[in-house]
There are 2 protein chains.
Amino acid sequence: MRRALALAEAAAVAGEVPVGAVVVRDGEVIGEGGNAPRRLNDPTAHAEMLAIRAAAERIGGDRLQDCELWVTLEPCAMCAGAIALARISRLYYAAPDPKGGGVEHGARVFAQPTCHHRPEVYAGMGEADAAALLRSFFSAKR
Amino acid sequence: MRRALALAEAAAVAGEVPVGAVVVRDGEVIGEGGNAPRRLNDPTAHAEMLAIRAAAERIGGDRLQDCELWVTLEPCAMCAGAIALARISRLYYAAPDPKGGGVEHGARVFAQPTCHHRPEVYAGMGEADAAALLRSFFSAKR
């Protein structure tokens, strides 16, 4: 989660909402990303999506079995859907997102009968740091 | 929708589940894609995602206001989330997807309070052709 938090900090410096994510397999980071929709002109370029795409490219397949995703904020519906499609085994996220989350809020993607793979989900590790980053980013914007 | 159906047919020829999508602005196709997660080693490479990413790159921004997305199958939760994030104005899809859809089934992404942009949604145009393509693809697989 430390690496994900560092990626979130880097996103903030680049003017993007500070969220960072890494994909880990056997203790090794095989994909990472910081939130970058503006910089990349890509509305899908959330941290989780970039980390998943990088990891899948690295392993040369479209399934990330036996991989963990660590992310600083509760994934939105898009990212939760991608996590299920990628067959991520375990999801760790730091801060919950009542306004935009899709795991324990809103679409609750993994709880739907249309979801064909459910990762184990662990929330809260690093929550204080991740939430502080987001608060500081949005208060500076105001 | 004819162009989206042609992209779906091309996906089937490439061994991918036949789904195709186009983004249209002012009557012009500005992004398109055929489903390609296997070919691209990318679990996020659904037709809609490729079309949205291509259109956003083309216009040089991360918002596709005043754009329509035409797709041959009801978008899943990931793609519905991306459509909302991209601020697509109107969504047209051909066939419903009770098993994996995220618009009128399952996550019902646009109906959630966590969804910050809801496109107008029109379903059913081209449904027979889109469903026939999918049936033929899956029956050939068995």
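Just so it is clear, glycine is given a Cβ too, placed from its N, Cα and C backbone atoms.
Per TrEMBL, the candidate among B:His46, B:His105 that belongs to the Zn(2+) site alongside B:Cys76, B:Cys79 is B:His46. Within the same chain, residues at least 6 positions away in sequence whose Cβ sits under 8 Å from that of B:Cys76 (Zn(2+) binding site) are B:His46, B:Asp97, B:Gly100, B:Gly101, B:Gly102. Along the domain 'CMP/dCMP-type deaminase' (B:1-104), the predicted structure has mean pLDDT 97. The domain 'CMP/dCMP-type deaminase' (B:1-104): residue composition by secondary structure is 38 helix, 26 strand, 40 coil, according to DSSP. In this structure the alpha carbons, written CA, of B:Glu48 (active site, proton donor) and B:Cys79 (Zn(2+) binding site) are 6 Å apart.
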